[in-house]
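See structure below.
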Amino acid sequence: MAPKKAKKRQQQGEGGSSNVFSMFEQSQIQEYKEAFTIIDQNRDGIISKDDLRDVLATMGQLNVKNEELEAMIKEASGPINFTVFLTMFGEKLKGADPEDVIVSAFKVLDPEATGFIKKEFIEELLTTQCDRFTAEEMSNLWAAFPPDVAGNVDYKQICYVITHGEEKEDE
């Protein structure tokens, strides 16, 4: 019986890392590979505590405690090579809705189908409903996705970043 259960878990994407590359589009895998290469400061194919410390220092975070770095490294089950790195991202993204589902949710708030929602409307919803955003969270949102001069927010851009992790380059 155990082999059948293990096989079923792998088919569902819950076991092993053999299926991790099928979880992402080729362009996403390439983006993760570039990120991995940046983080792997000593280029040994493994992300270590020293690699994390060095890459954080290049981003201006100079006084990161050893405990914080160790906690990051311990999120992996062993040495963090690229496959483990990709698996970790897959686990974090598991259960996230696809981009089209998130866009459809925003479209409910955009009856004229403009692709934009007023900043004030989004802010009111996010600060008064369900898991309310704090002032700091709202500030971070507007820093990442500034509204245009008319106060409109491009919700398709937000959805893309939620599902892909970075902004689209203008074509």
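Cβ from N, Cα, C; glycine included.
Quick look at what TrEMBL lists:
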type	residues	note
COMPBIAS	1-10	compositional bias 'Basic residues'
DOMAIN	27-62	domain 'EF-hand'
REGION	1-20	region 'Disordered'
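Under DSSP, residues within the domain 'EF-hand' (27-62) fall into helix, strand and coil as 23 helix, 1 strand, 12 coil. Mean model confidence of the domain 'EF-hand' (27-62) amounts to 92 (pLDDT, 0 to 100 scale).
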